[in-house]
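S.K.: Swiss-Prot lists 1-17 with the feature signal peptide. The disulfide bond annotation in Swiss-Prot covers Cys21-Cys42, Cys28-Cys51, Cys32-Cys53, Cys37-Cys56. Annotation source Swiss-Prot lists region 'Binds to membrane interface' at 22-25, 43-49.
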Amino acid sequence: LFTLVVLLMVSADMAFAGFGCPRDQYKCNSHCQSIGCRAGYCDAVTLWLRCTCTDCNGKK
């Protein structure tokens, strides 16, 4: 039971830290463009919870 509670807490943190992901990919894209990247998308590897930026000229 304790392990389940910890996993749920970690999942909630990841969902709030996703710059719009998984619900708003446009917000993720806008975030990435605002920091100088070409585009952004919600990463399927993390079940669409993480915003991944592309072509950032040395930034990530």
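For all residues, glycine too, the Cβ spot is worked out from N, Cα and C.
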S.K.: Helix, strand, coil: count each for the residues of the region 'Binds to membrane interface' (43-49), based on DSSP.
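M.R.: The region 'Binds to membrane interface' (43-49) comes out at 3 helix, 0 strand, 4 coil.
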S.K.: Just to verify a number: CA distance, Cys21 (disulfide bond) to Cys51 (disulfide bond), in angstrom, no decimals.
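M.R.: A Cα-Cα distance of 6 Å.
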S.K.: Under 8 Å between C-beta atoms and at least six apart in sequence, can you list the same-chain neighbours of Cys51 (disulfide bond), or say none if there are none?
M.R.: Gly18, Phe19, Gly20, Cys21, Cys28, His31, Cys32, Gly40, Tyr41, Cys42, Asp43
S.K.: What counts of helix, strand and coil residues does DSSP assign across the region 'Binds to membrane interface' (22-25)?
M.R.: 1 helix, 0 strand, 3 coil
